[in-house]
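Notes for the one structure printed next.
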């Protein structure tokens with residue numbers, strides 16, 4: 001039995017799609033030195049190669065892929081988008097605007113200089129910025145721009161070609177810039193990170209390990225009574241000195257939860273909760289006493305929960321003002337927009353921030369009720385909310401504005417992005433509404449993007465040979481310029497106009513480029529995770545601006561003549 005693989009793939013779009021995805025994902029795992037190709041470029045390269053052999057795919061799959069991707073981008077950005085946009089993110093908003101705006105202007109200028117069409121120009125912008133939201137926004141706007149037939153087909157093919165030719169150079173050049181640009185400016189990044197650490201009282205241990213608190217019990221003997229010297233627990237300040245917290249006391253056979261006015265007495269059995277190293281810092285009077293193995297005293301359900309910040313008495317306040325330790329709770333992590341932040345007492349909390357807190361289940365629940373709600377650990381997605389907001393996004397995308405002879409449609413990309421932002425924002429404010437597990441959201445977003453990349457690659461592959469010979473070297477030069485020049489402009493603006501701390505500035509610049517590998521290099525150079533504060537500040541807003549840039553470049557292009 002002979003099987004013609006080419007006929008089999010041509011006759012089955014679904015099989016072809018998953019073959020492209022599988023081969024592309026394998027290719028994406030390859031590394032060039034320290035740089036991994038990545039899933040997007042792997043799938044795009046494989047689809048371009050198969051497209052040259054005249055394989056094609058149904059465009060409906062391509063459209064669904066980009067819709068799912070851009071909607072999920074909005075859902076991720078939603079919890080923090082409005083707080084950054086309206087309140088404490090002026091510098092971050094301005095940096096993201098400068099980065100994206102300068103790249104857009106430079107790309108338009110180079111496109112006109114080299115005589116390209118809008119497809120190549122928009123694709124070059126998307127690839128140079130390593131930004132699939134630009135590609136998605138531009139592709140959707142092209143389909144609603146009034147182009148038809150072969151003109152639209154050529155523009156879409158050139159869009160994916162420009163992206164493919166410049167993506168890798170955009171990624172590599174940004175990583176090189178992240179490695180060497182901090183060394184070319186006069187302020188040492190590590191010194192800048194230490195400076196802001198001193199100002200804000202940050203933990204300078206960037207590799208801090210997170211342990212679950214443990215509970216141990218001791219009997220109060222003469223040494224401990226003498227050490228306490230009649231002071232109550234508040235005056236002793238055991239937590240301030242060691243990091244341990246007295247959770248329970250058994251006195252005369254009766255279990256009680258002590259308050260700050262309690263005084264240790266001879267024969268008391270006390271249960272202390274704290275991290276292992278905190279127990280090691282206890283006064284010898286504790287350790288020299290008799291350790292007690294009292295099942296009831298030690299029977300405490302230590303839990304670790306993720307608390308979403310929501311309530312007005314927590315939003316806008318500094319982390320230290322929550323006084324978690326006064327309530328017997330221990331903070332493990334602070335997460336903003338899926339990015340782990342330094343545990344900084346002076347970090348101002350935004351609505352939607354996630355605090356990972358450990359402690360007695362009852363105490364953690366009390367703290368959660370005070371500042372927000374415990375994140376649902378269900379693995380069930382609220383598909384009704386997902387579908388409803390997806391429909392709303394599509395309906396918003398159908399809106400068209402007419403100005404004399406010029407009409408402008410919102411488009412699916414902008415509509416779905418806005419609907420996703422609203423779903424994410426509402427989820428951050430209402431714990432039982434619109435829940436989507438992060439793993440499910442990541443899977444849908446990644447799958448949608450890969451389907452979209454496979455579609456554009458197969459569509460563009462047939463003409464890549466001719467186009468590459470005509471514009472190849474121009475694309476590489478333009479890609480390098482659009483990748484690096486906005487970074488330099490953004491640095492000068494942030495350093496000399498906004499006068500930002502350099503560690504925060506470089507983190508914010510990488511966030512404006514939504515490039516995690518470059519962010520890791522900045523953190524390594526600074527030997528600190530302080531740049532993550534800046535990265536989180538610009539990341540959410542940049543994703544939105546990059547999508548709009550893809551739309552704007554298509555709208556602006558005809559007016560440039």
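The backbone N, Cα and C atoms fix where each Cβ goes, and this holds for glycine too.
Because the structure is a prediction, the values reported are computed rather than measured.
Marked as transmembrane segment by Swiss-Prot: 8-28 (among others). Taking Cβ pairs closer than 8 Å, the transmembrane segment (8-28) reaches residues 36-47, 50, 55-58, 61, 450-451, 453-454, 457-458 in its own chain, all 6 or more past its ends.
As annotated by Swiss-Prot, transmembrane segment applies to 32-52 (among others), with the evidence given as sequence analysis.
For 66-86 (among others), the entry in Swiss-Prot reads transmembrane segment, with the evidence type sequence analysis.
Note on the transmembrane segment (94-114): residues 120-122, 124-125, 128-129, 471, 474, 478, 481-482, 485-487, 489-490, 493-494, 498, 505, 508-509, 511-513, 538, 541-542, 545-546, 549, 552-553, 556-557, 560 of its chain, located 6 or more positions outside it, place their CB under 8 angstroms from a CB of the stretch. Residues or ranges marked as transmembrane segment in Swiss-Prot: 94-114 (among others).
The feature transmembrane segment is assigned by Swiss-Prot to 158-178 (among others), with sequence analysis given as support.
If you look up Swiss-Prot, you'll see 202-288 marked as domain 'RCK C-terminal 1'. Mean pLDDT of the predicted structure over the domain 'RCK C-terminal 1' (202-288): 78.
Broken down with DSSP, the domain 'RCK C-terminal 2' (292-373) shows 23 helix, 32 strand, 27 coil. The domain 'RCK C-terminal 2' annotation in Swiss-Prot covers 292-373.
Residues or ranges marked as transmembrane segment by Swiss-Prot on the basis of sequence analysis: 383-403 (among others).
As annotated by Swiss-Prot, transmembrane segment applies to 406-426 (among others). The list of residues near the transmembrane segment (406-426) in space but at least 6 beyond its ends in sequence, with Cβ under 8 angstroms from a Cβ of it, reads 63, 66-67, 70-79, 81-82, 136-137, 139-141, 144, 146, 352, 385-386, 389-390, 392-400, 433-434, 544, 547-548, 550-551, 555.
Per Swiss-Prot, the feature transmembrane segment maps to 447-467 (among others).
Using a Cβ-Cβ cut-off under 8 Å and counting only residues 6 or more beyond its ends in the same chain, the transmembrane segment (475-495) has close neighbours at 91, 94-95, 98-100, 102-103, 106-107, 110-111, 114, 120, 124-125, 127-130, 162, 165-166, 169-170, 173-174, 177, 181, 185, 502, 505-506, 508-509, 512-513. Marked as transmembrane segment by Swiss-Prot: 475-495 (among others).
According to Swiss-Prot, the transmembrane segment annotation covers 540-560 (among others). If one looks beyond the transmembrane segment (540-560) by at least 6 residues along the same chain, the residues whose Cβ comes under 8 Å of a Cβ in the stretch are 70, 73-74, 76-77, 80-81, 84-85, 89, 92-93, 96-97, 99-100, 103-104, 107-108, 111-112, 118, 121-122, 125-126, 129, 131, 133-142, 145, 337, 408, 411, 413-414, 417, 421, 511-514.
If one looks beyond the transmembrane segment (383-403) by at least 6 residues along the same chain, the residues whose Cβ comes under 8 Å of a Cβ in the stretch are 67, 71, 74, 140, 409-420, 422-423, 433-434, 436. Outside the transmembrane segment (32-52) by six or more residues, the chain places 16, 20-21, 23-26, 132, 160, 163-164, 167-168, 171-172, 175, 446, 449-450, 453-462, 464-465, 517 with a CB less than 8 A from a CB of the stretch. With DSSP states grouped into helix (H, G, I), strand (E, B) and coil, the domain 'RCK C-terminal 1' (202-288) comes out at 25 helix, 25 strand, 37 coil.
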